[in-house]
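Peer 1: There's a structure below that I have some questions on.
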Amino acid sequence: MNDPDLSEAQQALVDAEESLLAAACPGAGKTQAMVARYLKRTGEEDRRGVALLSFTNTAVDEVRLRCAQRADALRVPHFVGTFDAFVHRFVVTAFYAKAFGQKPNYVQSWADIDSARFRLPEMGRTRDLDLAWFDFEPDGRAQLILGRVPHAFGDAAAHRMLARRKPEAESQAAHLFGRLLRAGTVSCEAARVLAEYRLSIPDERAVLAPLLRARFAEIIVDEAQDCGREELLILRFLRDCGVRIVMVGDLDQAIYEFRNATPAAVEEFAAGLPGRISLGDNWRSSRAVCAFNSALRSGRLTEAAYGDASLTQHPVHLLQFTKLEQIVPAALEVAERYKLSAKEMMLLSHAEAHGMKAAGAVNIDSSASSRVLAIAHAGFQLRSQQTAPKTRRGALAQVERAVLAALTADRATPDHSLAALCEEAGLERRWLEGFAVRMALALDPTGQSKQVFAAEVRAFLKTASWGVVPPPDPAVLSRLFKAPLDSAWAGVAGFGITPAVRHSTVHGVKGMEFPGVVLVLPERLRVHPVTERTVLDDWEGDHDSEARRVLYVAGSRARRLLICAVHRKHAARVSALLTAWCVPHLHA
Ligand SMILES: Nc1ncnc2c1ncn2[C@@H]1O[C@H](COP(=O)(O)OP(=O)(O)OP(=O)(O)O)[C@@H](O)[C@H]1O
């Protein structure tokens, strides 16, 4: 029976009877259609399961919520979860347990654990190397992906040094990878490598194929454009086992190339599937936003506005700025013209720092310059209800470093990992974390002068109970915990102030929508290290690039109003592009 809430194209996705790619535009209602299919198929299959796989826990939670009325659809043999959870449960765990004689302990990412960091001898003043910067082959070989090494690793000479010592870094990374695996620590990246390894062994394929064939009738893949090499390999295996593969996605929203997800590889895999349907009705956005999406899209799909927002006549607004701080007041003026409140607006940028500065939020890095300020900042973050876990962890890590500096008289280099510093200081990391939380919460800078607050910090450290380690030297405390500069302390007043407009990176709002979006194009655009092109070069030259897709994802989050806040240097180019692509636009 047809679902009255679904369009014809969405219904075609629900009813499809062969493996296929459903290529959808932004706002096509992929989730709605996919969940409708999942519920229908789980009702039809009584023996074998249907799996619905997503890439993020948020997307998984959303699907589970929408299936809440049908508890049977969430029970065995069916499966709703992340791609990683699927790989762990059905491909890797048993294989690992057999090979290593223990159960694996999965961690989200190497980046989350200190023991996945290491140093090369005589590396100088650089940060530790991180396993997350390497790709691993099924035979355990490592490949350093220089594009993943963050700027903060060190100065230009440090980056050159690392490029020169790449083979040495790769050999150490491979060694550490093997050591962690043997110890039972398996990151999601490592699990994918193990899955790939397992599937490369003919005997293992012969064991796994009948199990998966008997267990699953169909795998539905949400956000299919984010499939990387290993996911595609697993899907290929499942397809060869006779499991139906239904992929739903928008190749132009592929913004995870750093983890090997490339739209070209997904397209190639999809070309081998018997079916393909297009979902080109955008139920989310106004006509001007749809035109903006079409101007940025590299794929062939044509998109049209279909939902309530299609009646909105607001053009895209081009807002020129010279300083990031000018954006919000001007954008709010435009929003007000269309009766949109500040709460309905979302400011998006590729790099977090630009959005933060434009929104007037205090940047945690600015407090890194002073230990006293870092402690004030962490206290605020811990007390606030709105702090994201990642921000809280970052703020606390700065307090931990400050405490370690006090104990080691700042002898340790600031570039060592916290785990290494704890070892040097003879402290348990867990104890230090607890100490940092207690200290940040005990000290409140509200209404205090910087001198008084700095004195409170020193007094706290002087009188604290240090347990196993000797207390810090008072002379060291006076030297390391001075009152911060006036300009930095002025920022403390801003800690408690919520910015007028919410802000996020583009990657942080994937799958979401907002009545109004302010998209920031800053003065300095990223230059791709290989192509040496910026996003505007890509757009003008019609090159499909991740930077261009990031703009597309950002703009397509808007329902009614899109404001492109463009630095004066680039305004003429963006205006010319919007004109060339017939995007209705106005200069604000
Ligand atoms: N058939 C429909 N009729 C009316 N509204 C719909 C229909 N399908 C989806 N919508 C609405 O359109 C909006 C976009 O849907 P959804 O967020 O699922 O899109 P999406 O395909 O996941 O988009 P994106 O990939 O850009 O994140 C939602 O507000 C949803 O409620």
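A Cβ is built for glycine as well, from the same backbone N, Cα and C atoms used for every other residue.
Among the features that TrEMBL reports, domain 'UvrD-like helicase ATP-binding' is placed at 3-286. TrEMBL lists Ala24, Cys25, Pro26, Gly27, Ala28, Gly29, Lys30, Thr31 with the feature ATP binding site.
If you look at the structure here, what lies around each of the features I listed?
Peer 2: Taking Cβ-Cβ distances under 8 Å and a sequence gap of 6 or more within the same chain, the neighbours of Lys30 (ATP binding site) are Ala22, Ala24, Asp222, Val248, Gly249, Asp250, Leu279.
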Peer 1: Quick check: which same-chain residues outside Ala24, Cys25, Pro26, Gly27, Ala28, Gly29, Lys30, Thr31 lie with their CB within 8 A of the centre of the ATP site CB atoms?
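Peer 2: Here the nearby residues are Asp250, Leu279, Asn282, Trp283, Arg284.
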Peer 1: Could you tell me which three-state DSSP class Ala28 (ATP binding site) falls into?
Peer 2: coil
Peer 1: Check each residue in the chain of Thr31 (ATP binding site) that is at least six apart in sequence and keep those whose C-beta is under 8 Å from its C-beta; list them in sequence order.
Peer 2: Ala59, Glu62, Val63, Arg66, Asp222, Gly511
Peer 1: Let me know the model's mean pLDDT on the domain 'UvrD-like helicase ATP-binding' (3-286).
Peer 2: 93
Peer 1: How many neighbouring Cβ atoms, not counting its own, are there within 10 Å of the Cβ of Ala24 (ATP binding site)?
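Peer 2: For Ala24 (ATP binding site), the count of other Cβ atoms within 10 Å is 29.
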